[in-house]
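Feature annotation from TrEMBL assigns domain 'FAD-binding FR-type' to A:8-109. The feature [2Fe-2S] cluster binding site is assigned by TrEMBL to A:C249, A:C254, A:C257, A:C265.
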Amino acid sequence: MLYTNDAYTPHEAEIVEFIKDHHDIFTIRLKFTDPELDSKYSFRPGQFNMIYFYGVGEVAISIVNDRDHQKGRFEHTIQVVGRVTKGMMKLQTGDKVGVRGPFGTSWPMAEAKGKDVVIVTGGLGNAPLVAATEEVLQNRNQYGKLRVIHGIKSQDWLIYQDMYERWHNSPDTKVMMATSAEDPVDNGKWEWKKGFVTAYIPELDIDFANSVVMTVGPEPMMLAVAKEFIKAGAKPDNVFVSLERSMKCAIGHCGHCQLGSQFICKDGAVYPYPACEKLLAVKGL
Amino acid sequence: MSHYYFIPHTKIDQILSYFKGNGYKCLAPRHLEGGISYAPISKAEDLPWGYVDEQKPGHYQITKTESPQAFGFTVPTASVKPMLFKAKETVWKVKRDDSGKLAFESVVDVEKIAVFGVRPCDLRGIEIQDRVFQHNSYNDIRYSKRRENQFIIAMNCGTSHFNCFCVALGDYPRADKGYDLALTEINAGFVAEIGSDKGRELLLYLEVDAATGAEVEHALNLIDNAAQMQHKQLPPIKEVEAKLMANLEHEAWDDVASRCLSCGSCTNSCPTCFCHTERDIPNVLGTETEHTREWDSCFSIDHSYTHGETYRENPKYRYRQWLTHKFSTWRDQFRTKGCVGCGRCVTWCPVKIDVVDEINTICK
C-alpha cells in the first residue's frame, strides 16, 4: 500500500515520545506527519521498518508495538551499535525521522490459534516479539497457555519491566527470566533462574505437541531453543525464528541480506525453523 | 515474404539522425583508451571500424585491422548495465528546515537512450536485471523508467573471444528476444530482424529492402561460426546448480580463495550483479542531504557486516557466495540463471581465475 510508487524514499515521521530504557537502549514512539499515510499505516507482529536519521543513514529496526494501543502510533526500541543508532540516541520528543515500511514476514499469529504459545527471547530480542505477545493477550481466548521466557546478561539490563509485570498478571500467562551472570535476586514478580533460557524447557507446563514457539536472540541461542523444544516434543514446523543480516534497501534489491537463496528482508526475517536449519549450519554462508 | 532486411553501412548516419530526431541519446561501442566501450556517438565514423579484440584470462587487447566491419570485436569492456542500473546515483534528497522538518523528495533521473550494438549475452543480462529491479516484490521506478525509454539495437556475434561461454550455458550468440532491432553484420552492412513496433518504425524510416537469401545465409553462418569458436564446456546447468550447493565444503573453495584477491573486478564487470550500498551525503550547512545508491560487491569485507559481526570474513566464503549465487541460488530467487557467459569476469580478473574451470573442478 505504501509502495506503489517508490520503495526507496522514506516518509517523515515525528517522535511522539522518547523513552530512555537503559544507558544505551531507547525507545522512540512515532507517527507519520502526513495524516493520510498515518491513517493507512499498519503492520503485522514481526515486521520491521527502515528508520532514517537525518544526514547519516537508515537502519532496519523491528516494530515493537504501542504500549498504550493508540491507533496510528508505533514504537521502535533501539540499542546503540553504529553511527546511525548513536545519532538517534540524541533524538528528543518532537524531532523528525524518516520511516519506510513495514517490510518482511510476520509471526504466525493465525497458525498459533488454539495452541499454547511460548515466546523465548534473549537480550534485545524481546522487542520483535512484543507485538506478537500483545496480540495473544488481546485475543486471549483464542490461544492456549502463554509462556514468556527471557534471557539477559544481568538483572539490571532488563527493559520493559512494567510490561512484563502486566503480562505475568494476565490470564494463563507466565513470565520467566534467566540470567547468566550472578545468582539472580528474586524480585517478587516472576521467577528468575541462573543459566540459559533453555533451562526452563523441561519444566514447562504446556502441551509441546500442540504448541507454537517464537524465538529471537543471538543465532546460537535460537538454534539451541529450536533443538530443545523439538526434543521436548514441539513440531519443527511450529518453531519460528527471526534472522538478522545487513539490510540497505529492505526490498530485495541490494543483495546484502542474502543467506543462500533467501533475501532475509523480504523472504524473512521470520522463518519456520526447518526453512533455515540447513542454511544456518554452514559457516560463512 | 522474408522477415529479414538489409541495412547498408551507408544508412548508419540515418539511424543516428532518427534517434536524435526522436529525442534519444545514442550510445554505441567506441574505441576509447585502449578498449571498446559504450559512449555517445553522433556519426557513423565514431564506430570502431576495423577494430578486433583479444580476450583471455586476465588479458584484453584491441588491434586495428583492415576489416571493413564496425562490429568486428566481441563484447565491449562493460555491459549495458550502467545505463540502467547506474554505478552511482542519487535516489532521494531530503531538506531540513530550521524547525527540523524533513522534506523528502524522490529523485528519478531518466534519459532516453538508444543503444546501437548490444551483444546477445548483454541482452540476456538486461532480461535478468529486469527480474531483479522490475519483476520482483518491489519495483525500482528509476530502472523501470529507463527501460521504458530505451531503444535496443542488438548485434549478433560474428566471432567469440577465448573466454566466451554462452553456448556452454545453453544459450547462443544470437539475440532471441528483448530487442527492437537485431542486426548481424556482413561485409557491407547488416542483416536486420524486427523485434518490436519501435524497431519496425525505424526500418520504415530507413526505407530498406528485404535481405537476399545469400545475405541471410551469410549472416546465419557467421553466428554459427561464432558459436563454434567457443571451446568451454560445462555440465548441464541444472546439474551445476545442484552440485554447487551439495559441495559447499569442497576443498576447491580454499584453493580458489588462495588465488582470489577479493578485488571485485568480476562483480564490477558483470552484466547481472546487482548488489549495491546506500550512503548519505549531507551538504556542509546541514540543510540538505543526498541519499545515494552505488554498486557494491559481495567481495567487499563490509558486504556481510551486520551488527558487529562479519558473516563472510574469509575470502573463501566471499568467493563461494559469488559463485553459488550466480550459478545456483539465483534460480531460486529469479527463476533464471545469474550468468550470461560473456566472459568478462575471466577477462578482467587480475589473477586469471576462470569461473568455468572452478565450476568444473567442483562439479567433477
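Just so it is clear, glycine is given a Cβ too, placed from its N, Cα and C backbone atoms.
Overlay of TrEMBL feature records on the structure.
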| residue | record | Cβ within 10 Å |
| --- | --- | --- |
| A:C249 | [2Fe-2S] cluster binding site | 27 |
| A:C254 | [2Fe-2S] cluster binding site | 22 |
| A:C257 | [2Fe-2S] cluster binding site | 26 |
| A:C265 | [2Fe-2S] cluster binding site | 28 |
Local confidence of the prediction over the domain 'FAD-binding FR-type' (A:8-109), expressed as mean pLDDT: 93
For the [2Fe-2S] cluster site built from A:C249, A:C254, A:C257, A:C265, further residues of that chain with CB within 8 A of the site's CB center: A:S246, A:M247, A:K248, A:A250, A:I251, A:G252, A:H253, A:G255, A:H256, A:F263, A:I264, A:K266
For the domain 'FAD-binding FR-type' (A:8-109), residues assigned helix / strand / coil by DSSP: 12 helix, 46 strand, 44 coil
Short-range binding-site residues relative to chain B, from A:C249, A:C254, A:C265, with Cβ separation under 8 Å: A:C249, A:C254
Three-state secondary structure, which DSSP defines for A:C254 ([2Fe-2S] cluster binding site): coil
Secondary structure at A:C265 ([2Fe-2S] cluster binding site), reduced by DSSP to three states: helix
